[in-house]
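Student: Would you mind keeping the following structure in view while I ask a few things?
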Amino acid sequence: MIDLKQLRENPEAFAECLSRRGDYDLQAILDLDQKQRELETERSQLQARSNQIGKTIGERMKGGANPKDPEIQNLRQEGSTVKATLSDLEPKERDLKAEIGELLLTIPNLPSDDTPVGKDETANVEVSRWGDEYIPKNAKLAHWEIGENLGILNFERSVKVAQSRFATLVGAGAALERALIQFMLDQQVEAGYVEVLPPVLVNSDSLTATGQLPKFAEESFKCAEDDLWLSPTAEVPVTNLYRDEIINADDLPIFHCAYTPCFRREAGSYGRDTRGLIRLHQFNKVELVKLVHPSTSAAEHEALVKNAAAILEALKLPYRVLQLCTGDLGFSAAKCYDLEVWLPSADCYREISSCSNFLDFQARRGNIRFKESGQKGTQFVHTLNGSGLAVGRTMAAVLENYQQPDGSVQVPDVLQPYLKRKVL
């Protein structure tokens with residue numbers, strides 16, 4: 001959530017920065033905020049007058065005044081009027097605060113100063129590439145063709161069980177998925193992340209804190225009777241483990257990695273990636289989440305990208321890093337890098353990880369704070385997250401980049417101890 005105080009004090013600068021992301025109505029928030037502050041001032045003045053009336057009556061009575069004295073009667077009548085007015089103001093002020101809060105939830109994070117300005121993904125900036133020497137020269141088949149030929153991927157039966165955009169992994173396919181998950185977790189634990197296995201059903205407050213609600217409600221699967229949602233990413237449950245908490249500053253940074261199945265309706269992707277593992281309603285992912293001191297978040301963001309990239313390098317999968325422009329930036333992110341892996345069948349790089357720095361945006365929505373030892377007050381932590389990695393897309397990249405002329409697939413060296421085999 002954006003900082004209302006910052007918006008109030010610097011509306012022009014705030015609006016200019018936010019305009020790099022699109023057109024947002026900040027004036028409506030400012031107008032409501034002005035009304036709410038006027039009501040707050042009026043309430044404070046009335047409360048002070050009510051207190052003064054009570055004090056004056058008490059002093060008069062203590063001094064022996066007659067309760068029927070006209071002055072006492074007038075003060076009591078005024079006191080009753082003031083209390084009635086206060087009673088009327090309270091719901092108005094409460095409703096205004098709620099309306100302001102709802103509007104604030106619709107405003108995205110401010111982009112960082114070094115985020116490229118652009119309307120869409122065509123303005124993203126390539127930062128680096130790795131592994132050009134590993135790009136295969138004669139890869140011909142798409143991963144779904146390889147998987148179906150080997151009998152390790154079954155999409156047709158998945159449609160029978162559920163609908164389109166689901167996959168069933170069979171035999172070595174299921175083993176490869178499991179090996180990738182275990183390898184990714186092992187690597188990140190070694191890098192200093194603490195593994196957690198969180199719930200995959202999350203409540204509305206959790207999705208609101210991380211920024212999926214209210215904007216992306218149509219993208220998620222909901223269990224309406226229970227006010228629970230199927231989590232679209234482990235970012236949601238892991239970050240919300242600390243919602244409404246005050247963390248000791250000495251306990252920062254907090255690093256977590258988590259494997260979960262993820263669920264997305266993909267409502268806006270009709271006709272895109274209709275085959276294969278790239279865009280499914282249910283998929284597995286290993287997520288990296290950081291809660292850090294504001295002074296270290298920029299450095300931790302760069303380190304997060306390296307943690308995600310280390311998986312691709314260990315698998316010897318060619319990839320590139322893009323910095324997203326303002327028009328392609330996620331709703332909650334202030335700055336984001338995408339890692340894209342090479343897919344020979346498409347002859348291009350495809351996203352496999354997004355590594356975002358949210359600054360205090362999510363922490364403000366989720367009320368996640370920290371306290372310095374010996375100091376008064378609290379501050380909001382900075383949160384970061386990135387995929388480490390999307391497992392299905394990693395499998396697709398392995399199948400395509402490691403396919404052999406005879407139709408088999410070589411198992412990457414680092415996965416052989418997990419799979420106990422060298423070839424699929």
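Just so it is clear, glycine is given a Cβ too, placed from its N, Cα and C backbone atoms.
Summarising the annotation, Swiss-Prot assigns L-serine binding site to T233, A234, E235, E287, S387 and lists sequence analysis as the type of evidence. Summarising the annotation, Swiss-Prot assigns ATP binding site to R264, R265, E266, E351, I352, S353, S354.
Tell me what's around each of these sites.
Tutor: Taking the Cβ of E235 (L-serine binding site) as reference, residues of its chain lying under 8 Å away and at least six apart in sequence are, in sequence order, T210, E287, V289, N385.
For E351 (ATP binding site), the same-chain residues 6+ apart in sequence whose C-beta sits under 8 angstroms from its C-beta are D338, L339, E340, R393.
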Student: Can you give the largest Cα to Cα distance in Å, as a whole number, for the residues R264, R265, E266, E351, I352, S353, S354 that bind ATP in the record?
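Tutor: For the residues that bind ATP, the greatest Cα distance is 19 Å.
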Student: Taking Cα atoms as reference points, rank the binding-site residues T233, A234, S387 by distance from R264 (ATP binding site) and give the first.
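Tutor: Of the binding-site residues T233, A234, S387, T233 has its Cα closest to that of R264 (ATP binding site).
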Student: Could you round the CA separation between T233 (L-serine binding site) and R265 (ATP binding site) to a whole angstrom and send it over?
Tutor: 12
Student: For the L-serine binding residues given in the record (T233, A234, E235, E287, S387), what is the largest pairwise C-alpha separation in angstrom?
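Tutor: Looking at T233, A234, E235, E287, S387 as a set, their Cα atoms extend up to 9 Å apart.
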